[in-house]
């Protein structure tokens, strides 16, 4: 019986891992499609992700545009504050192309594929950590441990997190149910109740400042010329669905140290 139980657990774990990997592939395909019709420029994604055979819905494309734009703007602000004398750790990056874009744009930025040992000189470099739809697949205890580690490991740091929010309402529950049908469980969804719960998690785990916006707020604040450009790419007749989707994802950022650099001043 014991052997059978272990085999069952391993099988369930494999299914969970496969489900999470599936969301990575789906996201990458959506990005590749959005890039192909002009939402943003990314010369690297075609080398990592095959072109989708299916046309993606306009609200999905605009959602990914807002995500990429928002994260990119915060990275840009961090690089400006640190004058590129920094390091960036992109955790759970999957097939994300940020590394390649930064490698071209800011050759002086130190890039790491692994975590440096404690006491290494890199600990003293201003450090940006990025997670996009990563923490939500960890239990609250696991994500808290990661956030504490990040806050305590680097003297000057910023953390960017993109993931779900407002998951307690009916639309959020439908999102959870759809993912569960694909064998993908959101183990950390209880921390995604609101923007306040997202900020509270960061502040309780060693970060000194925390900010958060839902993606509809972010999208509404984009320059009008940029909004006109992307909205001219394809017709959208489901504006209400776009707003619902955007209000269920958020961009959060937190800082620790770096007063002399003005990291606390970074906003969207």
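Just so you know, glycine gets a Cβ as well, placed from its N, Cα and C.
Note: TrEMBL annotation is automatic and uncurated.
Here TrEMBL flags 67, 92, 132 as S-adenosyl-L-methionine binding site. Less than 8 angstroms from the CB of residue 132 (S-adenosyl-L-methionine binding site) sit 67, 71, 92, 93, 96, 161, 162, 163, each of them six or more residues away in the same chain.
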(request) Starting from the Cβ centroid of 67, 92, 132, which together make up the recorded S-adenosyl-L-methionine site, report each further residue of the same chain whose Cβ lies within 8 Å of that point, ordered by sequence. (result) 27, 71, 93, 96, 130, 131, 133, 134, 162, 163
(request) Count, for each of the binding-site residues 67, 92, the other C-beta atoms lying within 10 angstroms of its own C-beta, and report the residue with the smallest count. (result) 92
(request) Consider each pair of residues in 67, 92, 132, all listed by the record as binding S-adenosyl-L-methionine, and report the largest Cα separation in Å as a whole number. (result) 16
